[in-house]
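Working notes, structure below.
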Amino acid sequence: MDFQWYPGHMTKAKRMMQESMKLIDIMIELVDARIPLSSRNPDIDQLAAGKYRLILLNKYDMADDQVTAEWEKYFKAKGFFVAKTNSKSGKGVKATQNIILEACREKLERDRRRGIKNRPIRAMIAGIPNVGKSTFINSLAGRACTKTGNKPGVTKGKQWIKLNKNIELLDTPGILWPKFEDQTVGLRLALIGSIRDEILNQDEMAIELIEYLKHHYSGILEKRYQVDESEDRVKILNAIAENRNCRMKGNELDYEKAAKILLEEFRNGKLGRISLEVPGEEA
Ligand code: GDP
């Protein structure tokens with residue numbers, strides 16, 4: 001949550017990823033199922049050129065199942081292997097092992113034809129900060145993971161986690177940075193709580209969320225805060241403040257407090273499973 005990017009950080013992260021590329025067969029990219037595009041960095045396509053690719057729609061437990069199914073189709077159509085995971089509960093995590101093998105089938109068959117045995121698939125996890133990389137690795141590898149030491153031909157210091165006899169995972173995930181320069185991306189990352197709240201104005205964020213919910217999830221605000229959704233978004237925030245009795249000294253309505261409550265309840269899943277991005281709307 002407290003991740004901050006400096007140009008130096010970004011250059012170092014990118015260089016580390018570039019160095020790891022020659023060691024791996026498959027790139028496993030974690031994205032947030034609620035904002036699969038805004039939580040990606042398109043640089044990864046160039047970085048991972050020539051590698052097998054798997055996209056994991058992580059935190060799908062927070063996202064809208066119907067929209068997640070559309071995203072699965074979307075990425076499959078682009079040639080990616082795709083799966084959805086809840087790294088926190090472990091749902092879908094173990095199943096990724098078979099998907100990794102399936103994605104690398106060509107290589108496994110080539111090795112077999114050439115009589116190469118016991119050469120494991122090597123995988124790397126990558127994604128933007130807070131997308132769930134560490135949680136995923138812990139869930140997949142568990143406590144019983146065997147860390148292999150430095151082997152000949154392996155860059156010194158690189159640690160591999162042996163998942164089974166066929167798959168090894170680089171223990172340090174690759175860190176990508178989101179497309180900060182895009183305002184919509186920034187807003188969506190902030191809404192899901194991926195970047196610091198101080199960067200964006202809470203009232204404005206709440207108002208944007210209200211607008212989005214009005215159009216894509218009508219009925220949710222009305223049900224939770226007893227507000228009239230046909231009103232404009234500022235009036236709705238007003239009504240939420242009234243509903244939750246957010247008041248300043250002198251009994252004046254406290255919009256900022258209402259905004260905080262709305263954002264917090266959205267992030268905690270109290271408003272239900274909501275996706276903030278659907279395929280097809282991207283420019
Ligand atoms: P990293 O920065 O990419 O390594 O992200 P972390 O693994 O530290 O996870 C960031 C936060 O997201 C933590 O609070 C995790 O518990 C939470 N998290 C990770 N995966 C999931 C998931 O699939 N579902 C939910 N609900 N939370 C998750």
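Just so you know, glycine gets a Cβ as well, placed from its N, Cα and C.
Those TrEMBL annotations? Automatic predictions, nothing curated.
Features reported for this protein in TrEMBL:
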DOMAIN    14-178  domain 'CP-type G'
BINDING   Asn58, Lys59, Tyr60, Asp61, Asn86, Ser87, Asn130, Val131, Gly132, Lys133, Ser134, Thr135, Gly174  GTP binding site
- For Asn130 (GTP binding site): DSSP state (helix, strand, coil): coil
- Once near-sequence residues are set aside, which residues in the chain of Ser134 (GTP binding site), 6 or more away, have Cβ atoms under 8 Å from its Cβ? Pro173
- By Cβ count within 10 Å, point out the most packed of the binding-site residues listed: Gly132, Gly174. Gly174
- Message: Taking ligand 1 as the reference and 6 angstroms as the Cβ limit (strictly under), which binding-site residues among Tyr60, Asn86, Gly174 are close?
- Response: Asn86
- Query: Non-local Cβ contacts of Tyr60 (GTP binding site) (under 8 Å, 6 or more apart, same chain)?
  - Reply: Ala33, Thr68, Lys84, Thr85, Asn86, Gly92
